[in-house]
Amino acid sequence: MLHQYVDQFGEKLVRRRPLELRAERPRAYLNTLDLVALGVGSTPGIVTSSTMSRMLHQYVRQFGEKLVRRRPLELRAERPRAYLNTLDLVAMGVGSTLGAGVYILTGELAKVRAGPATVICFLVAALSCVMSSLCFTEFGAQVPRSGTAYLYSYVTRGQLCAFIIGWNLILSYVIATACVSRAWSYVFDNLIGNHISQVLQETFSLQVPYFLARYPDFFALGLVLLLIGMQVLGARESALVNKVFTGINILVLIFIILSGFIKGDLHNWKLTEQDYTLNTSGSSDTSSLGPLGSGGFVPFDYEGILHGAATCFYAFLGFDSIATRGEEALNSDRSIPSGIMITLFICFLAYFGVLASLTLMVPYYLIHPDSPFPQAFLHIGWDAARYVVIVGSLCALTSSLLGIMFTMPRLICAMAEDRLLFRGLAWIHDCTGTPVMAIMASGNLAGILALLFEFRDLVDLVSIRTLLVYSLVALSGLVLRYQQDQNLSKQEKTEEKIEMKPDIEGSPLESVPEGGTSNILKSLCDPINTIPTQKSGQIVYGCAFLLVLLLIILSLILAQWPSQVFSGDPVLTTVAVLLLLLITGITVIIWRQPQSPIHLYFKVPALPVLPLVSIFLNTYLMMQMTSGDWAQFGIWMGIGFAIYFGYGIQHSLEENDEPQPPASTSQTLDKKYQVMNHLSHRK
């Protein structure tokens, strides 16, 4: 009995509860960081260094994942009916590009920065734009969606890069709107005898800071406000009006080019100090004369050409608007690439022709900076022709202004829909179907800039941001084709992991550690797989970032000490050569990685060399900008980062990972905005 009692008592002591799960399990909400914090908080006085290290590592990892979170390459379930053909896209691109750049900027550049060699400036800028446009074109073939480079970078580079590009594009469009408005005011004022500028200067004669305009241009402000009102009330772009204005613009440019070759004088490309002295003694207003420089075809030397080329990028702003029309383009995988390339070719021929004609008709130091072509025809005695040029200028500037102002709200709304900008900016008026807040915010800022700043100062603000955007687009084009397909289903991803597992386990990096450096180099330069893997994609990402760093250092050296490098300075020349060798070696590593086998109608040729050359050229031209331009760029980026880290990173749709409500007003933007746009086009 005693033995039996002891057994029963022992069974009670070791009796166990069965492992049964609850019928309803509460929703999980604690992540690793919460559990670590809970454990540390319940252990009074004990916080080890290893615990703090794990917490910091977890926090940094989660923060980094937010910055590089990418949007999947998915098309919308319902796509609006396409109606734009290649001709429509070319007319749209040319109309947005050939505006203030060809009628105003050319005079400023030729007079004080590069002289007749301004044609070389535009050639350099055009070559860089062509290389960037090839990356834009491949994106347009892969992602026929609205959003410009912002969406493309969101797909390939992640959220932070997308925000940087979108934020700078917004300011570029805003400043471009202010530039064209100011240019419109200059041309119209010249048509009526400069009465507007005289009245404003007499009325507002107070001393203003040197970085502001000579007088506040209320005419330019009124023009912007008028277009804002038209947009808010539901006005839409008209493909027919755009074609008519673009056609008139091209006819006027052809007239200018033919006039220059008829009345031009080749001696104006060979001017000397004696010619400058004769013009000075024969002119009653010597203040209107520009500097002579060294005379000849390149009066301001190599530095003038480079600085002018950096500024010329403003003149090509607008061709990328074609890429925003992927959902509205017929046969977008073909029409978008063709439209971008044809637009750039036409624009370069126009810039080259009119600049050659202008500098042949008028000595470069006599060119009028605000109204170069009307004054040029007065110089050669063709007074009546100046009115033809003014009409063409107004048509071109109107087309360019409409193209830019109707593009701005699309980009702002795209970012607001993703909650990277404030959600209210994506609000659409129920009656007119227009994004009122986006139009008001961007338009009012553009109006203030047009009111207070000179055209030439606004151009410098645009160029550095355009160069940055093009560089980031080229970087995205460099890495995109080396990445895994982002649209794989779960089953396909599982099969890929199963197939890749033997390769990973048998890779030289892990299975043969005793091979050392030789095996690592073999793995980098001779990958086993023929299609991109996660490992090969990470290699390309790492190499691309390292290449960008090396290219920035090389560009800085060549921009700051060009004569010392090419004259054989032992330190600088050695550093430049070593950088070139490193860049070449890393480029070979990227070249050896497998590319995506997905068939596209267009692919960037000479990958990875062409995007790298584009990045280097853009970066080198950025180094030509002044310290004031960089300071303004830093202020704008500081404001952007405050918005992103204070609002966007916490409220973005990718962060919340929640499906968008189908009836949300902000998410019906493209349907309402583009369908109504389509109806107006049809009319």
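Glycine is treated like the rest: Cβ placed from N, Cα and C.
Under the heading domain 'Cationic amino acid transporter C-terminal', TrEMBL lists 602-652.
If you look at the transmembrane segment (82-105), the same-chain residues 6 or more away from its ends with a CB under 8 A from one of its CBs are 179-180, 182-183, 186-187, 239, 242-243, 245-246, 249-250, 253, 311-312, 314-319, 321-322, 325, 327-330, 332, 334-336, 338-340, 342-343, 346-347, 350-351, 354, 370-373, 393, 396-397, 399-404, 407, 455, 459, 678, 681-682. Sequence annotations record features per position, and here TrEMBL assigns transmembrane segment to 82-105 (among others).
Sequence annotations record features per position, and here TrEMBL assigns transmembrane segment to 117-139 (among others).
Feature annotation from TrEMBL assigns transmembrane segment to 160-184 (among others). With a cut-off of 8 Å between Cβ atoms, the residues of this chain six or more beyond the transmembrane segment (160-184) that come close are 67-68, 71, 99-100, 103-104, 148-151, 153-154, 217, 220-221, 223-224, 314, 317-318, 394, 397-398, 400-401, 404-405, 407-408, 411-412, 414-415, 420, 442-443, 445-447, 449-450, 453-455, 458-459, 461-462, 465-466, 468-469, 472-473, 476, 636-637, 640, 644, 648.
TrEMBL lists 244-262 (among others) with the feature transmembrane segment. Through the fold, the transmembrane segment (244-262) approaches residues 91, 94-95, 98, 102, 346, 350, 353-354, 356-358, 360-361, 373, 377, 380, 382, 385, 388-389, 391-393, 395-396, 398-399 of its own chain, all at least 6 residues removed from its boundaries and within a Cβ separation under 8 Å.
Residues or ranges marked as transmembrane segment in TrEMBL: 304-323 (among others).
Cβ atoms under 8 Å from those of the transmembrane segment (344-367) belong to residues 90, 94, 97-98, 101-102, 106-107, 110-111, 115-116, 118-119, 122-123, 126, 129-130, 133, 250, 253, 256-257, 259-261, 263-266, 268-269, 271, 275-276, 279, 288-292, 299, 315-316, 319, 373, 375-377, 379-380 of the same chain, restricted to positions at least 6 beyond its ends. Annotation source TrEMBL lists transmembrane segment at 344-367 (among others).
Marked as transmembrane segment by TrEMBL: 420-441 (among others).
Taken from TrEMBL, the feature transmembrane segment applies to 461-480 (among others). Remote same-chain partners of the transmembrane segment (461-480), defined as residues 6 or more beyond its termini with a Cβ less than 8 Å from a stretch Cβ, comprise 128-129, 131-132, 134-136, 138-139, 142, 149, 152-153, 156-157, 161, 164-165, 168-169, 171-172, 175-176, 179, 310-314, 316-317, 537, 540-541, 544, 548, 590, 604, 607-608, 611-612, 614-615, 618-619, 621-622, 625, 629-630, 632-633, 636.
The feature transmembrane segment is assigned by TrEMBL to 539-559 (among others).
Away from its own ends, the transmembrane segment (571-591) comes close to residues 478, 482, 524-525, 539-540, 543-544, 546-547, 550-551, 553-554, 557-558, 561, 564-565, 607-609, 612 of its chain (Cβ-Cβ under 8 Å, at least six residues beyond either end). Per TrEMBL, transmembrane segment is recorded for 571-591 (among others).
The transmembrane segment annotation in TrEMBL covers 600-621 (among others).
As annotated by TrEMBL, transmembrane segment applies to 633-649 (among others).
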Of 304-323, 600-621, 633-649, whichever stretch has the most CB pairs under 8 A to the transmembrane segment (539-559): 600-621
Spatial neighbours of the transmembrane segment (304-323) far in sequence, C-beta under 8 Å, 6+ residues away: 89, 92-93, 96-97, 99, 101-102, 105, 109, 113-115, 117-118, 120-122, 124-126, 128-129, 133, 136, 139-140, 148-149, 152, 172, 176, 179, 293, 298, 336, 339-340, 343-344, 347, 351, 400, 403-404, 407, 459-460, 462-464, 466-467, 470, 620-622, 624-625
Folded-back contacts onto the transmembrane segment (633-649), same chain, C-beta under 8 angstroms, at least six residues removed: 66-67, 159-160, 163-164, 167-168, 171, 419-422, 464-465, 655
Tertiary contacts of the transmembrane segment (600-621) (same chain, 6+ residues out, Cβ under 8 Å): 124, 127-128, 131-132, 134-135, 137-138, 141-142, 306, 309-310, 313, 333-334, 337, 467-468, 470-471, 474-475, 477-478, 481, 547-548, 551-552, 554-555, 558-559, 583, 587, 590-591
Helix-strand-coil residue split for the domain 'Cationic amino acid transporter C-terminal' (602-652), DSSP-based: 39 helix, 0 strand, 12 coil
